[in-house]
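To start, the structure under review is shown below, and the notes come after it.
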Amino acid sequence: MSQTRGKYDFCIGLVLAMSSSIFIGGSFILKKKGLLRLARKGSMRAGQGGHAYLKEWLWWAGLLSMGAGEVANFAAYAFAPATLVTPLGALSVLVSAILSSFFLNEKLNLHGKIGCLLSILGSTVMVIHAPQEEEVETLNEMSHKLGDPGFVVFATLVVIVSLILIFVVGPRHGQTNILVYITICSVIGALSVSCVKGLGIAIKELFAGKPVLKHPLSWILLLSLIVCVSTQINYLNRALDIFNTSIVTPIYYVIFTTSVLTCSAILFKEWQHMAADDIIGTFSGFLTIIVGIFLLHAFKDVNFTLANLPLSLRKDERAANGTLLSTYDCFNHDEESSACLGEIQSTESLSGRRNGSLSAF
């Protein structure tokens, strides 16, 4: 009966995590659209410390969508392990990338489609190898976990690093270095996930009729969650306003997920009860997702599709055979003319340099 209940909770957590990714992925697009509208109106941008986005309904729609996603995510942590729920946030990256291609005119080329497929496969592997049952079921157990020396050291380091980034590094490099604001969101997010996990346990106990409202840990977790989420929203908005959505989303996912997995390993010690093949499978799935996200966004500006794949193969074959493209070959195909002219010019330039010709310069 207990095993059946554990599988039932696992499935509920899985469905909630997937629906959360859909809402959160869409929220990035809505927020970005709102921030772009404000930029066109000449309002002070969020990246410069402005808060005009609070008057933009599209931004609020994005916030509500993210709120719905976070609620679903919140509930997912109450039913499934953090090792499962957090990595499934990769689906929000896929949703964001696909919607960006439709609403923000950001391209999704062949590399991006392969990246989406790899991210889905990696998520599937992680679901298969994730721990099936929860080990912390009461607030008293959660209290003992939070008092563990390893977690205390980890939380202290997170707070110190966050404060340094906010007050020292942020004002100097936040406008030019994409990692500053995203790192703030990510490392604080590890603490917010711990708070969410604890509050999820408290809610389950509340429905079971236990006096959790009298437990001081419930209010401490709630207050900590509000502070963490408020900080995350603030600095995520700055990152989205300054940098491209397709760059912010994957970097945020990778750093955030790594932080949460580290926190989960220290706080809940889920890894100690996993078999070696499940640990390897979890890491393999996570690395597959990272590779997929890299392909999804690293080559986003490269216009490469299945349609021009044969052309690329023909060019590689000619280059291997030492065959130079003629001017006639270029102008015989309108689609390839501009690319071919560039190759001819670069070839002539290189030939001129080798022969010591001044015309090459």
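Placed from the backbone N, Cα and C atoms, the Cβ positions cover glycine too.
The transmembrane segment annotation in TrEMBL covers 12-30 (among others).
Residues 9-10, 12-14, 16-17, 19-24, 26-35, 37-38, 85, 92, 134, 193, 196-197, 199-201, 203-204, 229, 233 of the same chain sit 6 or more residues outside the transmembrane segment (57-79) yet have a Cβ under 8 Å from a Cβ within it. As annotated by TrEMBL, transmembrane segment applies to 57-79 (among others).
Listed as Cβ neighbours of the transmembrane segment (85-104) (distance under 8 Å, sequence separation of 6 or more from its ends, same chain) are residues 13-14, 17-18, 20-22, 24-26, 28-29, 32-33, 69, 73, 76-77, 112, 116, 119-120, 122-123, 126-127, 193, 245-246, 249-250, 253, 256-257, 260-261, 264, 285-286, 289, 292-293, 296-297. The transmembrane segment annotation in TrEMBL covers 85-104 (among others).
Annotated transmembrane segment per TrEMBL: 111-130 (among others), in sequence order.
Annotation comment: TrEMBL describes 150-171 (among others) as transmembrane segment.
Marked as transmembrane segment by TrEMBL: 178-203 (among others).
The annotation transmembrane segment is assigned in TrEMBL to 215-235 (among others).
Annotated transmembrane segment per TrEMBL: 247-267 (among others), in sequence order.
Using a Cβ-Cβ cut-off under 8 Å and counting only residues 6 or more beyond its ends in the same chain, the transmembrane segment (279-299) has close neighbours at 83, 87, 90, 93-94, 97, 109, 111-112, 114-126, 128-130, 246-247, 249-250, 253-254, 257, 261, 271. The feature transmembrane segment is assigned by TrEMBL to 279-299 (among others).
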Among the ranges 12-30, 111-130, 150-171, 178-203, 215-235, the one whose Cβ pairs under 8 Å to the transmembrane segment (247-267) are most numerous: 178-203
